[in-house]
Amino acid sequence: MAVKYELTKTCKQSGARLGRLHTPHGTIDTPIFMPVGTQATVKTMSPEELKEMNAQIILSNTYHLFLRPGHDIVREAGGLHAFMNWDRPILTDSGGFQVFSLSKLRDITEEGVTFRSHISGEKLFIGPEKAMEIQNALGADIIMAFDECPPYPADREYVKASTERTYRWLKRCMKAHQRPAEQALFGIVQGGMYQDLREESARQLVDLDLPGYAVGGLSVGESKELMYEVLDYTTPLLPGHKPRYLMGVGSPDALIEGSIRGIDMFDCVLPTRIARNGTAMTSQGRVVVRNAKYARDFTALDPECDCYTCRNYTKAYLRHLIKADETFGLRLITYHNLYFLLELMKQVRQAILEDRLLDFRDAFMMKYYGSLHPEKPF
Ligand SMILES: [Zn+2]
């Protein structure tokens, strides 16, 4: 198998897992947050900057790279690692999520999904075989099965039919996958918010003995309580010696709560997307840099952060850059936000090592959100 998960310690207080994931491009400490590099770039960050902040693995999007520049060009470049000058691990998603969320005029059949490109309007098709062809060409260390992420809310009948189709698609992905020795194919547990469907999906996937498992279809508009409830009954069904990835979740509270529930990997566009609106995640909570109250604030964005941005620039300067639409402002806040989440996960790993993740969570929540049960999105 292309990847190997090594459990090094279980937190006695919370049950969270500390581990290492060995991949063809290096070893990752888990639990880990993966910055998202949608178009073969983490927006505004260079690979050197990502390494400086100790990003161990990044994610890239199959749908976007299929549309532009096309997977043939990436393959000719020597794969995604060479194309984007990133020699550490990469995970690619299957394209399923974007096909359903970004494209227009989707037509889902047993075969796959026909859709119109959100860029050119061109009619295109992705099914399990195509998703594998594209991801085999991109060459990421971890690749994802083609699935449907059902909307929320959705009735049980729809979710049941969708989850069963996703399972049939997974078996076709396994058959079509051409590079299993170099690329680990993860299956995705679906089933919406229905416990029996989630359990059935998890059992079916585990029977296939995949190199890793993802929990998909969460953070799609449901409450955080509901998301945690689904994790509470889903993750215990996944094998302990395989990595577990919670897809599309990256708010600070969800990273901690997910780790407590036995998740090893997370990704989310949140830190990079909110940076572009001039919003930062700090040890004191959310800071909207654009606010007038920071016009003469000559202190660092986060007094407890030692990232490049916080060591060298003030809120007043960042606010000026954001208001003037200067790209350097986006770069500086993106840098800080990614650093903040990577640092948070480092603290989570340390707390697991010292059997005190629940204490860490409570202290963090009160400081960041002012509440032990925040409902705010981030
Ligand atoms: Zn910082």
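Going from the start of the chain as shown, residues are counted 1 onward.
The backbone N, Cα and C atoms fix where each Cβ goes, glycine too.
Residues Asp93, Ser94, Gly95, Gly96, Phe97, Gln190, Gly217 are recorded by TrEMBL as substrate binders, and the candidate that the same record lists for that site, out of Asp147, Asp155, Asp253, is Asp147.
Record check: TrEMBL places Cys305, Cys307, Cys310 at the Zn(2+) site, and the matching candidate among His336, His373 is His336. Within the listed segments 115-121, 248-254, 325-331, TrEMBL records region 'RNA binding' for the stretch 248-254. For the ranges 77-81, 87-91, 192-196, 272-276, the feature annotated in TrEMBL as region 'RNA binding' maps to 272-276. When pLDDT is averaged over the domain 'tRNA-guanine(15) transglycosylase-like' (14-369), the result is 97. Take the Cα of Asp267 (active site, nucleophile) and measure to each of the recorded positions Asp93, Gly95, Phe97, Gly217, Cys307: the nearest one is Asp93. Cys307 (Zn(2+) binding site) counts 21 other C-beta atoms within 10 Å of its own C-beta, drawing on all protein chains shown. Residues 35-36, 42-44, 330, 333-334, 336-338, 378 of the same chain sit 6 or more residues outside the region 'RNA binding' (272-276) yet have a Cβ under 8 Å from a Cβ within it.
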